[in-house]
Amino acid sequence: MDEADCGQGRGKRWAWLSGSLVCAAASMLWKEQGVTVLMVAAVYDIFVHSGLTIADLLLLLCKPSYGGLREGLAFLSICSAVLVSFRLKWMGSVPPSFSASDNPGADAPELLTRTLTFNYLPAANLGLLLWPGPLSFDWSMDAIPLLRSPTDLRNACTLVLYGCLGLFAHHVLLGLKLRWAMQRARNFVNSKRKANGFNCSDQKDGYSNGFTVSHLAMPSRTKDHSAICCSELDATIMALALLILPFLPASNLLFYVGFVLAERILYIPSMGFCLLVATGARALHRAAAHRSLARVALWAASVSLILALTVRTALRNNDWRDEEALYRSGLSVNPAKAWGNLGNVLKGQGKVREAEVAYRNALYFRGNMADMLYNLGLLLQEDNRPDEALRYYQLAVSSRPTLASAYLNTGIILTSQGKTEEAKTVFRTCANISDERLKDPQAHMTSVTSCLYNLGKVLHEKEHHQEAILTFIEALKKMPRQFAPQSLYNMMGEAHLRLNNLREAEYWYKESIKSKSDHIPVHLTYAKLLAMTNRREEAENLFHRAITLDSRKGNSYMHYAQFLAEQNRFVEAASIAEKAAEKDSEDFEIIFSTAHMCRQAGMNQAAEVHYRRASNLQPNHPTALMNLGAILHLNGRLHEAEAYYLQALQLKPSDAITQSNLQKLHKILERREVKGHH
């Protein structure tokens, strides 16, 4: 072989190495396991391609003939270190954080429990490869109970696993020794053989120690020593490398991981497992060369195994047809997590009662799941059961004091119940929670910002506008990038408007529109500011745009009607208000305001219609009843007016206006009676 041929082989070798690196880097972008392909490549390079034994590893560092191999291994090692460093930096140079329920073994205080559990988990993973019967989308929490005692029967599985690995290692070492002996024998026979010109070995890459003997037939006497023929030895080595090395990052050996068992991390090891099964089947087939019945049995067993796994795959694929089927399939393995996720799916489908049952089932199996307590509280809140919701939010906070979203919804409920001081305390507590060591700091800061926003709203409604502005500024400082700020900017504008800081108010209104051009509330509030500063045409344009943005609801129409009424354009105001009443026919405030505007416009008959609608919506509202009586009074329907005045006084006996109107009505009735007698 000449120098050009060796150079060409060297270039091809580097091309393959570079390709392996690119593939490993690409796979590691999605999963840390990707980097282990370089370890598998190193095993292939050392034991399969170069045919080294364990004893040769010491010579690898100094023997000149191993220069090419050293070069390749150094390249793989450096690249692996660089990729791992890059991945760690990408993760923030800290290991991933996870809760105790994700990997209970990592949180176990007893060394014995951790040792027994983590040694058993590889056996549990292998069990799924051997018999993929119980499968689940999630194996966290108590899916695999901790091993707390040496008397736990599952420890036998651990012993069997490591015993089998020891046997495999023993046979592989025997095979490597035998191959090394055969290589030496062959090298002795070919000791006179030398390369012409440039001195290269027969290996194309130029770093094999002698000859690769995978082509040589193994002598029959080696069967007595239970050795493996060369091709089967190579397959066994690669099978074990694929089975073990990609599993190491998930083994809790290097660092704790955020799961107990995960089927996804068995994808690459399953390749090694399949290769190992195929190698074993081949060895059995070769051993049964002269026994036809044994070969038939082997074929039958192999076909049955393939058919059984095919059927299992089809059934499992059916479990993955949709989320509901997937989560139902996991109820037997991890009921707490499966019921909880199923509850989320059912809630999304609008099946509120079934979702509630699912959440409660999840909490039955594991009562301290903060996320599940929060989800149940949210469902109850949306189902107008605030007191029950409040209880579950408080339980969620007790289970996880950093759950900002639970504080947020607790504060919102307390605010709606008029317990503003308690709500302020809850919002402030939430705002002071640190985002360190959280699974999702961005979502946490979103909830913290929302808490500050709601705290500012409470202060604003209590007329503490300067304090509200300071709270809104704090929210702006803590606001994460993905937070939608338009409502926060709008409230900043409103607070400044109340303090008569018109320039600052306008600035924040413009910022709100800039951040979300179709945000309707800021169109309405900014229009009011423009009306205050006598920019009526601009204000009217904003009202029109708000109506255009959401013409299906009456709120924008009503704000526009109020603007027109303030401009003494009462007929136009009444017309727009009636459109609002058409859009929101069940909204008491809109109907009542429409009646008032019709009355201002002199449209007394229309006002009577709307006051009746308002009193029907809230039959025990004294002001609505009083106004209905007043419009009936004006329309000359005195006896009916008297009845509504009396109803209003029953609800609010001390109302001076109703009493005065009733006295006036009685005087009119008395005069009519006097005239009637004459």
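Backbone N, Cα and C atoms are what each Cβ position is placed from, and that goes for glycine too.
A TrEMBL annotation is a machine prediction, not a hand-curated record.
Look at TrEMBL and you will find 14-30 (among others) tagged as transmembrane segment.
The annotation transmembrane segment is assigned in TrEMBL to 36-61 (among others).
Residues annotated as transmembrane segment in TrEMBL: 73-90 (among others). Listed by sequence, the residues of this chain that lie at least six past the ends of the transmembrane segment (73-90) yet keep a Cβ under 8 A from its Cβ atoms are 17, 20-21, 24-25, 28, 32, 35, 38-39, 41-42, 45-46, 60.
TrEMBL lists 95-165 with the feature domain 'DUF1736'. With helix defined as DSSP H, G or I and strand as E or B, the domain 'DUF1736' (95-165) counts 35 helix, 0 strand, 36 coil.
Marked as transmembrane segment by TrEMBL: 159-176 (among others).
Positions annotated as transmembrane segment by TrEMBL: 237-259 (among others).
Summarising the annotation, TrEMBL assigns transmembrane segment to 265-284 (among others).
Cβ atoms under 8 Å from those of the transmembrane segment (296-315) belong to residues 132-133, 281, 284-285, 288 of the same chain, restricted to positions at least 6 beyond its ends. Feature annotation from TrEMBL assigns transmembrane segment to 296-315 (among others).
What TrEMBL lists as repeat 'TPR' is 370-403 (among others). Remark: secondary structure over the repeat 'TPR' (370-403) totals 27 helix, 0 strand, 7 coil, with classes taken from DSSP.
On the 0 to 100 pLDDT scale, the repeat 'TPR' (449-482) averages 95 in the predicted structure. As annotated by TrEMBL, repeat 'TPR' applies to 449-482 (among others).
The DSSP breakdown of the repeat 'TPR' (622-655), given as helix, strand and coil counts, is 27 helix, 0 strand, 7 coil. Annotation comment: TrEMBL describes 622-655 (among others) as repeat 'TPR'.
Counting residues 6+ beyond its ends, the repeat 'TPR' (622-655) has Cβ neighbours under 8 Å at 588, 592, 595-596, 599, 604-605, 607-608, 611-612, 614-615, 661-662, 664-666, 668-669 in the same chain. Against the transmembrane segment (36-61), the recorded stretches 159-176, 237-259, 265-284 differ in Cβ pairs under 8 Å, and the greatest number is found for 237-259.
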